[in-house]
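Reading through the structure tokens given below for one structure.
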Amino acid sequence: MAKGRRWESRGDSIVLMLLIVAAGSICTSATNFQPVSDAHRSAAVELFTPVDGSFASIEDTYEAVQIFKILGIEGKGDVRGIACSLVSEVLGTSSSPLKELFYAVKVSSLLKCDAKDSHFEVTASILKSIPSDAKSLNDLYYSIVGLALIKNQIPEADVLLDDVDGIFQAIKALSQSDGRWRYSSDNPVSSTYAAGMALEALAGVISLATNEIEQSKINAVKSDILKLFDSIEKYDDGTFYFDDKAGSVSPLATTSSVVRGLTAFASSASGPVNLPEDTILGLTKYFLSIGVPGDAKEFFNQVNSLSCLENSRVSVPLVLTLPTTVVSLSSKDKLKVKVTTALSSRSPPLKVKVVQAFISGSKDVSVIENQELVFDEEGSLHVLDLPASIDVGKYIFAFEIVFHNSKDGKIYATGGQTKVPVYVSGAIKIEKAEIFVLDSDIGSIGTRKQLNFETENDVSLAANHLQKLRLSFQLSTPQGNVFKPHQAILKLKHEKAEHIFVVGNSGKQFQVILDFLGLVEKFFYLSGRYDIQLTVGDAVMENSFYQVIGHVELDLPEAPEKAPRPPLQRRDPFSRYGAKAEISHIFRAPEKRPSENLSLAFLVLTLLPFLGFLVGLLKLGLNLKNFPVASVPAMFAILFHVGVGAILSLYALFWLKLDLFTTLKGLGLLGIFLMFVGHRILSHLASSSAKLKSA
């Protein structure tokens, strides 16, 4: 891009461009499954590291230990010490539940904990006594699989089953005609999840048998497995999974249970379990399609199932992936392919060949056929130089894996051809871009402006309702072919409304003509400035852009009385947090004050009534002859006069500094006080006057 190019950050256009890219990303992720990577290891550390030095349960302990072992994670806290301490506690408690004993034995088999042999002997004795009287599949599963684990850890332990045929038949009796299993003979509901448990339990019975089990019974179970896989679900992208519709178990947990049972039974039974490669690879794709789970249980089911498939005797799935499905012609990128197991282990010696590559939607026209990729040992990648004739666009590449050693074809599952969408991107040529105003009546060009989308554009146009606005440009690929982008949109934005128009094309030529005479109602008869914005974008167009190319001043007729009104503009919810407009107050100018002499004269006039009051007291012969002599009446008389003086002082303070509310509060208190003492002194004077008259 040129340095002077102007990009806008308007929300609607950002969303538009994100949708273009997202559409390509979704299509790509649907078939380009990535194997387990370092992202899984980082997530495992967060999900399974013990909290406050302990795990929530022995089951959680087993899942953490198993995941750390599969992913090769070491040194994350004292997991071994915590786990083995919990194993000793569970095995050393005679009242531990069957499920806890089962998981304690599992943890010990992984970590080789230094538990006492007596603990294992007691546990083996408890587990061995259960199968003969078990009433449910859960009891059979926990006891038999637990005994098999003890046998692998302590070969000399007494764990072999006495009535192998009876126990085998007791488990087989719970199977159904469709390959599913029941949890007990009393429960008529069959379950796919239970089928996985039953297969794993039958594998344990085979390993704990003193004599070889009849081949007819083994074949009957294999037949049940094939019936079970007849009910497998599938998606269009080649993923296979099981859904236990009868229960509340998730498809991931159900599929994981079946995979554990299938691989365990295939490892113990004689002869192969013949399942199509597409099915094994489809199950692998299903687990990989989940990505990196954020839940510990889902994470365990995903990674543990992939480990079971990678170490099974059925078929080891190989995953063909592309580190990136976008190849740039401008950067002269090469197409890179990687083949690994689901857990990112190296594949056996092989070669990758492009059987066919064609533009999406045009399968009959191939751009590449039967071309072998070059193996890069340093990066363990198979590399292909794209031919010079290839152009930008979305392609479907069909890859095929060929083993150097034909024997590897019996061990590994490739699923035949693997089809992956590949986006070949490049810089699109934008030529003959111009915008101009046409006179509607004669079609002559009024104002023409050339546009260059590699730099900043700022055109200024003017038009009325009798004219037209035309925008045109040409798009072509690096090979000179016609290019039709996913989005080509013109927007005219007024301060009160905005209008969007799709730019049509005929071959390389793209153009849009706006006839303002027919658009006046759509424009709500709003005259004024309209900003012109153009968006052209596609997932394979490296120079996609959104640009304000200028403005047009429209002169439209006055709106009729019943013309439609423009809709209310959306308010930005974040605008409330922005800077506010400065508030300026204009106070009323103070009124002109009177002169100083006039003020003093008014003061004298206000004091004259007070002077008249004093003169009146003198004329009346003010004296203290009736002032009480007795101590109590004298005290009330003094307090009365003090109260009157206090009220006068309060008036003076109100004039000088106090506000009205404070003055009223003080006046109320003084009034109550003055009423009380005044009543007492007046009562005394009335009593004295009555005594004088009676005398």
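Including glycine, each Cβ sits where the backbone N, Cα and C put it.
Listed in TrEMBL:
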DOMAIN    37-310  domain 'Ribophorin II N-terminal'
DOMAIN    318-424  domain 'Ribophorin II second'
DOMAIN    432-554  domain 'Ribophorin II third'
DOMAIN    587-687  domain 'Ribophorin II C-terminal'
TRANSMEM  598-622  transmembrane segment
TRANSMEM  634-654  transmembrane segment
TRANSMEM  660-682  transmembrane segment
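When pLDDT values are averaged over the domain 'Ribophorin II second' (318-424), the model yields 93. Across the domain 'Ribophorin II second' (318-424), DSSP assigns 5 helix, 59 strand, 43 coil.
Summarised by DSSP class, the composition of the domain 'Ribophorin II third' (432-554) is 4 helix, 74 strand, 45 coil. Under DSSP, the residues of the domain 'Ribophorin II C-terminal' (587-687) split into helix, strand and coil as follows: 79 helix, 0 strand, 22 coil.
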